[in-house]
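Structure, as structure tokens:
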Amino acid sequence: MRWISRPGWPGHLLALAAGALTPLALAPFVYWPLAILSIALLYLGLRGLPGKSALWRGWWYGFGAFGAGTSWIYVSIHDYGAASVPLASFLMLGFTAGVAFFFALPAWLWARCLRRDNAPLGDALAFAALWLALELFRSWFLTGFPWLYAGYSQLQGPLAGLVPVGGVWLSSFVIALSAALLVNLPRLFPHGASLLLGLVLLLGPWAAGLYLKGHAWTHSAGEPLRVVAIQGNIAQELKWDPNQVRAQLDLYRDLSLPQQDVDLIVWPETAVPILQDMASGYLGAMGQVADEKNAALITGVPVRERLADGKSRYFNGITVVGEGAGTYLKQKLVPFGEYVPLQDLLRGLIAFFDLPMSDFARGPADQPLLKAKGYEIAPYICYEVVYPEFAAALAAQSQVLLTVSNDTWFGTSIGPLQHLQMAQMRALESGRWMIRATNNGVTGLIDPYGRIVRQIPQFQQGILRGEVIPMQGLTPYLQYRVWPLAGLAGVLLLWALLGRQLRPQERRLFG
């Protein structure tokens, strides 16, 4: 098995395969032990490698992970961006090759500055710290791409009890630590004290996760809210067709009018497919309907802001009418779907760079939450719900979470189900109920433990009825966010860096 840790193609191909295991640990498959196996194979494959070889070993791992785990991007480019098969394949491969460097550069840093082969316990801790740093970096760099985090595999796994304590970050840290410790355990057998400490580090977090699973960190803030969520199932090719606007508005109106004994009616992202000011009459009429039902109607709608120079800015928004108030403007935009980077160069080259409604501006920070039926509602539009820290900041001020989306762009791929899993994790992290309304699925109600209690299947029109309970109180994660864990990771990385620099004087510290 030494070939795994040697430079060359056999090790690189194993890293590619190990990376491709990543999506199998996540939704919709959820074979969560594969997350540990995947990372363990990468850790073993980096042992003893020089910097350049480690960089390419990490790159191949990343190519496997993103190539398999974000293959739904091809669907968006080909099916809805009108790109030919060769062009869509080229763009998909180019994207995958680029984001694979998220793993390549940390692998190089590990080999050059942090790895200590003669300190198995300290090495495992430093590797887990670097893994956490990588996931944090991915959530921020170039607006972020926080997809395929290892911690999502534990949504309903043994570590679920740790998620309200440290978020998906703590789950990822423990998985990476467990993977490295399992690789290093054979080296600890001759050393009784080190072996005992290694077993405590390996088994302790899993025992804590099981012990805390189901613990109630938050409690009810009032009576249950009766919710109706509408899933219109509008085909993407009809979504922005001007000739289909009236039909879509009539559909959502007609599905909502018969609903009785309801507190919240929720429509998906851009369910109103025209600008808010152009739909003012329609929204006003629906607000009157909601008032008559003593309910609030919350819908996605694009928003126009007229500027002093006569120009306009456009936003992806959510607005409330009836028994509530507020309009929220999306802050985390999807590249190419909602804005085009370098648009002066790319606009018009191919249809994918000129999609409908792909010229949105970013909403301002520190917007007030939505208000409905006397409660604060934390809004997330589509992609925003995948950002743990961003979501936590809003959740801490709220009693109910709301996410609206249009995942039609991703067809029958695994993308929408990965997206749903991340939304479930936000509910678990915050200890709050979440309402999720989508155009074509999965629309659902998620409880504070991340479990789906009501849902409408994908690709069908439907009306979901259920109840959510407004919650108050803060989980440890909402109180402290990632900072305690990030501080620990920083100490571990500094320790590894100093230990590496002082290697001649090091005396098997931690190992």
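Backbone N, Cα and C define each Cβ position, glycine as well.
Annotation source Swiss-Prot lists active site, proton acceptor at Glu269. Secondary structure from DSSP puts Glu269 (active site, proton acceptor) in coil. Taking Cβ-Cβ distances under 8 Å and a sequence gap of 6 or more within the same chain, the neighbours of Glu269 (active site, proton acceptor) are Gly300, Asn316, Ile318, Ile381, Cys382, Val404, Ser405, Asn406, Ala437, Thr438, Asn439.
Same-chain residues at least 6 positions away in sequence with a Cβ under 8 Å from that of Lys330 (active site) are, in sequence order, Phe315, Asn316, Gly317, Glu338, Phe360, Arg362, Gly363, Ile381, Cys382, Glu384. For Lys330, the entry in Swiss-Prot reads active site, with the evidence type sequence analysis.
Feature annotation from Swiss-Prot assigns active site, nucleophile to Cys382; the stated evidence is sequence analysis.
Look at Swiss-Prot and you will find 230-470 tagged as domain 'CN hydrolase', backed by sequence analysis.
Annotation source Swiss-Prot lists transmembrane segment at 24-44 (among others).
Taken from Swiss-Prot, the feature transmembrane segment applies to 58-78 (among others). Distant neighbours of the transmembrane segment (58-78): 12-13, 15-23, 26, 38, 42, 45-46, 84-85, 87-89, 91-92, 95-97, 99-108, 110, 147-148, 337, 352, 409-411, 413-415, 418; these residues of the same chain sit at least 6 beyond its ends, with a Cβ under 8 Å from one of its Cβ atoms.
Residues or ranges marked as transmembrane segment in Swiss-Prot (evidence: sequence analysis): 90-110 (among others). Same-chain residues lying 6+ beyond the ends of the transmembrane segment (90-110) with a Cβ under 8 Å from its Cβ atoms: 19, 42, 46, 51-52, 54-63, 65-67, 70-71, 73-74, 77, 83, 127, 130-131, 133-134, 137-138, 145, 352.
According to Swiss-Prot, the transmembrane segment annotation covers 125-145 (among others). Beyond the transmembrane segment (125-145), the same-chain residues lying 6 or more positions past its ends with a Cβ under 8 Å from any Cβ of the stretch are 39, 43, 99, 102-103, 106, 109-110, 114-116, 151, 169, 172-174, 176-177, 180, 201, 332-333, 335, 387-389, 482, 485-486, 488-490, 492-493, 495-496, 510.
Per Swiss-Prot, the feature transmembrane segment maps to 163-183 (among others); the stated evidence is sequence analysis.
Here Swiss-Prot flags 192-212 (among others) as transmembrane segment, drawing on sequence analysis.
For 482-502 (among others), the entry in Swiss-Prot reads transmembrane segment. Here the transmembrane segment (482-502) has Cβ contacts under 8 Å with residues 113-116, 119, 122-123, 125-126, 128-130, 132-133, 136, 166-167, 169-170, 173, 388-389, 509 of the same chain, all six or more residues outside its ends.
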What residues elsewhere in the chain lie close to the transmembrane segment (163-183), defined as a C-beta under 8 angstroms and at least 6 residues from its ends?
35-40, 43-44, 47, 121, 123-125, 127-129, 131-132, 135-136, 149-155, 198, 201-202, 205-206, 209, 212, 215, 217, 388, 392, 425, 428-431, 450, 475-477, 481-482, 484-486, 489
DSSP three-state assignment (helix, strand or coil) for Lys330 (active site):
coil
